[in-house]
Amino acid sequence: MPGAPGSLEMGPLTFRDVTIEFSLEEWQCLDTVQQNLYRDVMLENYRNLVFLGMAVFKPDLITCLKQGKEPWNMKRHEMVTKPPVMRSHFTQDLWPDQSTKDSFQEVILRTYARCGHKNLRLRKDCKSANEGKMHKEGYNKLNQCRTATQRKIFQCNKHMKVFHKYSNRNKVRHTKKKTFKCIKCSKSFFMLSCLIRHKRIHIRQNIYKCEERGKAFKSFSTLTKHKIIHTEDKPYKYKKCGNAFKFSSTFTKHKRIHTGETPFRCEECGKAFNQSSNLTDHKRIHTGEKTYKCEECGKAFKGSSNFNAHKVIHTAEKPYKCEDCGKTFNHFSALRKHKIIHTGKKPYKREECGKAFSQSSTLRKHEIIHTGEKPYKCEECGKAFKWSSKLTVHKVVHTGEKPYKCEECGKAFSQFSTLKKHKIIHTGKKPYKCEECGKAFNSSSTLMKHKIIHTGEKPYKCEECGKAFRQSSHLTRHKAIHTGEKPYKCEECGKAFNHFSDLRRHKIIHTGKKPYKCEECGKAFSQSSTLRNHQIIHTGEKPYKCEECGKAFKWSSKLTVHKVIHTGEKPCKCEECGKAFKHFSALRKHKVIHTREKLYKCEECGKAFNNSSILAKHKIIHTGKKPYKCEECGKAFRQSSHLTRHKAIHTGEKPYKCEECGKAFSHFSALRRHKIIHTGKKPYKCEECGKAFSHFSALRRHKIIHTGEKPYKCEECGKAFKWSSKLTVHKVIHTAEKPCKCEECGKSFKHFSALRKHKVIHTREKLYKCEECVKAFNSFSALMKHKVIHTGEKPYKCEECGKAFKWSSKLTVHKVIHTGEKPCKCEECGKAFKHFSALRKHKVIHTGKKPYKCEECGKAFSQSSSLRKHEIIHSGEKPYKCEECGKAFKWLSKLTVHKVIHTAEKPCKCEECGKAFKHFSALRKHKIIHTGKKPYKCEECGKAFNDSSTLMKHKIIHTGKKPYKCAECGKAFKQSSHLTRHKAIHTGEKPYKCEECGKDFNNSSTLKKHKLIHTREKLYKCEECVKAFNNFSALMKHKIIHTGEKPYKCEECGKAFKWSSKLTEHKVIHTGEKPCKCEECDKAFKHFSALRKHKVIHTGKKPYQCDECGKAFNNSSTLTKHKIIHTGEKPYKCEECGKAFSQSSILTKHKIIHSVEKPYKCEECGKAFNQSSHLTRHKTIHTGEKPYKCEECGKAFIQCSYLIRHKTIHTREKPTNVKKVPKLLSNPHTLLDKTIHTGEKPYKCEECAKAF
């Protein structure tokens, strides 16, 4: 009832509550279809009012619409509703769903019943509006009830949502129909109002303008909200916290923070929100819908607010200016946030940690740190984030999308902020200038950080150690050192960190991902900061300069570290041993020494390290990567510091000068070491021997001498070293890399020190002179070694045999003789060596490389020392002369060996038999005779040998390997020496000349053998048959005749040979290969020796003449065989029948008669032969080939011997013309006569086996 306590007055319901108004501009945006649709909707709204029983006068707008007139210029009348005589003038078809109509009626009745009006009911029989007067009192009650129930009298059947107005919008949502379409972009909408709003985007009209700032808006309501900003009026105040707000909506949102109310719940995941807009935004995560698309760059957004914020980027408009500092912003919210900087207020405080913030949003973000919640998860890799913005940024990593492109250089970026920063490079603008030094910056934040450098102010002080910092973040990071707290733990490996950023960086190690790639060199990095640091390498920029010495650095951190050098301050002290350090990082590394803890382990080799940086450096060893390359010489380094140190070599720059003596150095560390020389101080003393040192490092090195410890071991060969530097030098041996090249002669070296020494050769400068003999040297160390010659001092004595040496290195080499140890093994052939230098020399054999070439004859060598020795041959120089007999030698070693002849001294005596030897090597070989030991056994055939080298040579027989191949003819050899000899055949070079007869030879060994002819000395005698030989190898070959041993067996046919060379020749039979081809007639041969013999046919030369009868021959071997005719000697006797032969080959052929063995079989007809030559002859029958042609008459022959016989027809020569031989007959037919007496029939027919 009116006037009752608690009754609420309410204004009358008007037609405006259910109408939509248009301005002229808005109405013009609609096409004809949309205008007609508007008329239908407005008429429907009017009918709905009448349907609900609200008797209204017909407004002019409805009249206009019914008449088809435009509504925007009509004057609207407010029509007062009458008492609730509820009436409907419309038919059932007005409602698309009968249940929807019923539900609205039920809600009205239910609402009235709650208010105590049970007699109320909906009536459909009201004749006129006058009938409603009798119910005036009832209407008032209804009006009160409607107000009490928040005016929500319409309920939706689908979701039971209640509305205070009847809503066509709600109906359309359930139908899912989008009937309103935009002509410009074809986008569809549920409601007409949404389409109208959308159309404003295309026309971009802002007709409502703010008088204060001049900013324009599209709607009057937005302008009204905007005006509140200028008033500063905040009428909505919350009593609990005192916060005031300009808008009631903001006030309501804020209240929920205190109450914790989250009424808006997501049906998909159950998550609840304070605001419906947050729920709407959240729902798009599930749907992935991005309805707002930017026409400029194509980027899509889920919410209109984000879309509007984004659009400002393209216009670059910044209408909001700060009155304090003049800085402008795109959005007012950004200006509002900025203003707090000037006030310094931080009203939002966290009770947990006491930290205060200027904005509530920042506080909210901070609170997540305490909760540890990460609700935003990446679907690609599962990585979780605290904020959605971070997830958005992260997603770009997977897509690789870079939509933001620079118009200047075409470079693309994944985020607009990065593009914005990049653009400054092209403009070169640095608007933020430092008043102190004039340095300019791109951003104000960078300027603020820079200013602290000039003030020197460090307001953030550590309470534990007193260390001060410029920024609070640095102090926070520092504090973790004292507490030891590491709250951030890695789930993969369990490692803990002080800061979350460190954990984040660490996690990338497990993923192995490196999304940040350098465009210059293609190198990839796991973090953008590391990429930025790396990029400085390419630019070479060093912006951070030291004011003391002028040295420049790429990073400020390096400059900070450097500055301590000048101050000499060491504030970080070790509590265990009292040692002080300049930097806390150095102290931290040092502390590990006391704990011995090595937490960082290499996954490749299992090696552990004290800190992660050393592990990271170590890992490069396994990858072999050397990203830092010198532009001068191309040498690459694993670390940038090494490259920096190396560069000083090329520049020759030595900025660090000693004030005492003026000596300059490339690095400050070298100068620091040098200065100690002038002070004479040696504070570091050895407790073992009392020796003092100027540096602790020198003492540490010295101590190893007493302990004998060699902690640095080579992974390749197992060799151990006392110092890491020696190991580093040693490692180069395995790589064979020679990065240091001489510009004068092009020679390369492994180490720069070697190159430096070499360069002196070109300058011929010898600064270090000996006072005794006036001899000069290139280096001080060489002079010191030389001086020992004059003193005769040999301080290094062998404990085993008492032999003394001038240098420790020589003693070390000598000691291996007694141990017999050969730790250096060749991976190719298994051969072992006592010293790595010997192994290194040996390895060259397998590579076949010979970089050292003789300028005189072009001969190449694998080692420079070999070249030097060879060059003496051409010069003929023999600088080493024997004082006893005057004999001169080319090499000092030869003179030393020779001297023993005069002294007759044989210091090396055998304890078994008393036999003495001049050299220990000879004694060592001799001793094996007494032991009878042959410890080196072949696993293939069981044969045993005295030494490993002989075994290694023997093993090649079984493997059949011939690694040394001739580039000319393709022939392969087991040993390099054999290949060297062979090569001389192609070159025809014979540098070794006999002084007696002038004969030339390919190699020195052949010359040596030849010289014995002149002396007639045959020192090596056979014990079996008393035959003597010039050399030991010839004797060894001869002995096989008596033993009958044939160790070299053919795998194809089983034939055995006494010598490997014969087996090699034999093998060609099976392969059929003929690699040696005659250039004259194209005839091919299996062996080069055969080709050489053949070539004589074309030349017609016969240089080898018999002194007895004057007959000439093509080669020396034929002459040797011929000479036996004159002597009548037949040393080769058959054991079966006693028959003797002049040549071993004839004996071999003869033996076949007794064995009846025919190992050589024809593949065509199956016929077998005793000898391969017979098989070869036989094969011509099948081929019909006659390669030997007579030049006189053109007649061709199967064999060369037939051709030779034939040629005598033309010359009329008697082939067996023999002079001065009374025992032999001049006619070949008389030789036939001799066979009659012997009964011998050596010539057998291959077809019928008849002998002649």
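Glycine is treated like the rest: Cβ placed from N, Cα and C.
For 13-84, the entry in Swiss-Prot reads domain 'KRAB'.
Here Swiss-Prot flags 264-286 (among others) as zinc finger. Assigned with DSSP, the residues of the zinc finger (264-286) fall into helix, strand and coil as follows: 11 helix, 4 strand, 8 coil.
Among the features that Swiss-Prot reports, zinc finger is placed at 320-342 (among others), with the record citing sequence analysis. For the zinc finger (320-342), the predicted model reports an average pLDDT of 79.
The zinc finger annotation in Swiss-Prot covers 376-398 (among others). With DSSP states grouped into helix (H, G, I), strand (E, B) and coil, the zinc finger (376-398) comes out at 11 helix, 4 strand, 8 coil.
Using a Cβ-Cβ cut-off under 8 Å and counting only residues 6 or more beyond its ends in the same chain, the zinc finger (404-426) has close neighbours at 297, 313, 393, 396, 442. If you look up Swiss-Prot, you'll see 404-426 (among others) marked as zinc finger.
Helix first, then strand, then coil: DSSP counts for the zinc finger (460-482) stand at 11 helix, 4 strand, 8 coil. What Swiss-Prot records for 460-482 (among others) is zinc finger.
Per Swiss-Prot, the feature zinc finger maps to 572-594 (among others).
Beyond the zinc finger (684-706), the same-chain residues lying 6 or more positions past its ends with a Cβ under 8 Å from any Cβ of the stretch are 673, 676-677, 722-723. Swiss-Prot lists 684-706 (among others) with the feature zinc finger.
Positions annotated as zinc finger by Swiss-Prot, on the basis of sequence analysis: 740-762 (among others).
Under DSSP, residues within the zinc finger (796-818) fall into helix, strand and coil as 11 helix, 4 strand, 8 coil. Marked as zinc finger by Swiss-Prot: 796-818 (among others).
The feature zinc finger is assigned by Swiss-Prot to 908-930 (among others), with sequence analysis given as support.
For 964-986 (among others), the entry in Swiss-Prot reads zinc finger.
Here Swiss-Prot flags 1188-1210 (among others) as zinc finger.
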